[in-house]
Ligand SMILES: O=P(O)(O)OC[C@H]1O[C@H](OP(=O)(O)OP(=O)(O)O)[C@H](O)[C@@H]1O
Ligand SMILES: O=c1cc[nH]c(=O)[nH]1
Ligand SMILES: [Mg+2]
């Protein structure tokens with residue numbers, strides 16, 4: 001598995017804004033979307049293109065366009081929803097799948113409650129989005145589901161990751177590409193990322 005750690009100062013600045021406990025729901029949601037655009041720009045740099053005939057006011061020529069019909073964005077509910085519009089801003093024709101997972105508060109094990117993926121998933125580049133990669137349990141389970149349904153070309157984008165989550169995902173799925181906005185220090189005893197930003201789902205949706 002390849003892991004790309006983001007270095008762009010705009011991404012770092014926006015992640016710092018997310019961390020602040022004074023950042024409210026509305027602002028938090030907007031910044032998550034902005035980071036998804038910036039990370040998506042990087043993660044989609046190898047998207048396949050096809051040549052199409054274009055007539056400019058001067059002449060006709062063959063020019064590249066994104067083979068957008070081949071892209072699927074798959075958020076891990078709930079928090080991953082916050083990143084979807086960022087990817088759609090870059091590739092509006094992408095299809096969107098959903099995987100519903102929540103972590104058991106005691107065991108920290110992921111539990112599935114929903115899975116719906118676009119058709120022809122085996123032919124698509126799939127971008128799985130979830131702002132937080134903590135133990136890696138949710139990410140590993142999500143990629144397991146996608147592979148069971150035939151998905152093969154998988155990219156995973158997380159805004160903040162713990163070293164434990166990166167290791168777990170690399171071990172379980174060495175064939176995927178991982179994009180990380182910032183690698184934080186460690187997990188605490190409740191499997192929250194330190195320093196992290198708290199519970200991303202709660203901060204995006206204003207729940208407790
Ligand atoms: O790497 P892990 O240890 O599995 O933790 C990461 C998961 O935890 C959070 O979801 P949560 O269970 O809080 O659900 P939510 O998005 O509905 O709040 C987060 O959005 C990830 O999906
Ligand atoms: O720190 C963490 C860990 C898991 N999920 C979150 O939303 N935050
Ligand atoms: Mg949550």
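The backbone N, Cα and C atoms fix where each Cβ goes, glycine too.
Fair warning: this is a prediction, and the values are worked out from it, not measured in the lab.
Per TrEMBL, the features are:
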DOMAIN    6-207  domain 'Phosphoribosyltransferase'
BINDING   78, 103, 130, 131, 132, 133, 134, 135, 136, 137, 138, 199  5-phospho-alpha-D-ribose 1-diphosphate binding site
BINDING   193, 198, 199, 200  uracil binding site
Per the 10 Å Cα distance test against residue 200 (uracil binding site), the binding-site residues 78, 130, 132, 134, 136, 138 reduce to 78, 130, 132
Listed in sequence order, the binding-site residues from 78, 130, 136, 138 whose CB sits under 6 Å from ligand 2 are none
For residue 193 (uracil binding site), the closest of the binding-site residues by C-alpha position, picking from 130, 132, 134, 136, is 134
CA pair residue 198 (uracil binding site) / residue 134 (5-phospho-alpha-D-ribose 1-diphosphate binding site), Å rounded to integer, equals 11
Between the C-alpha atoms of residue 138 (5-phospho-alpha-D-ribose 1-diphosphate binding site) and residue 199 (uracil binding site), the distance in angstrom, to the nearest integer, is 14
Of 78, 193, 198, the binding-site residues whose C-beta sits under 6 angstroms from any atom of ligand 1 are 78
Among binding-site residues 130, 132, 193, 199, close to ligand 3 by Cβ (under 6 Å) are 199
Across 130, 199, listed as binding-site residues, the smallest other-CB tally within 10 A is for 199
Record-listed 5-phospho-alpha-D-ribose 1-diphosphate binders 78, 103, 130, 131, 132, 133, 134, 135, 136, 137, 138, 199 have a maximum CA to CA distance, in Å, of 17
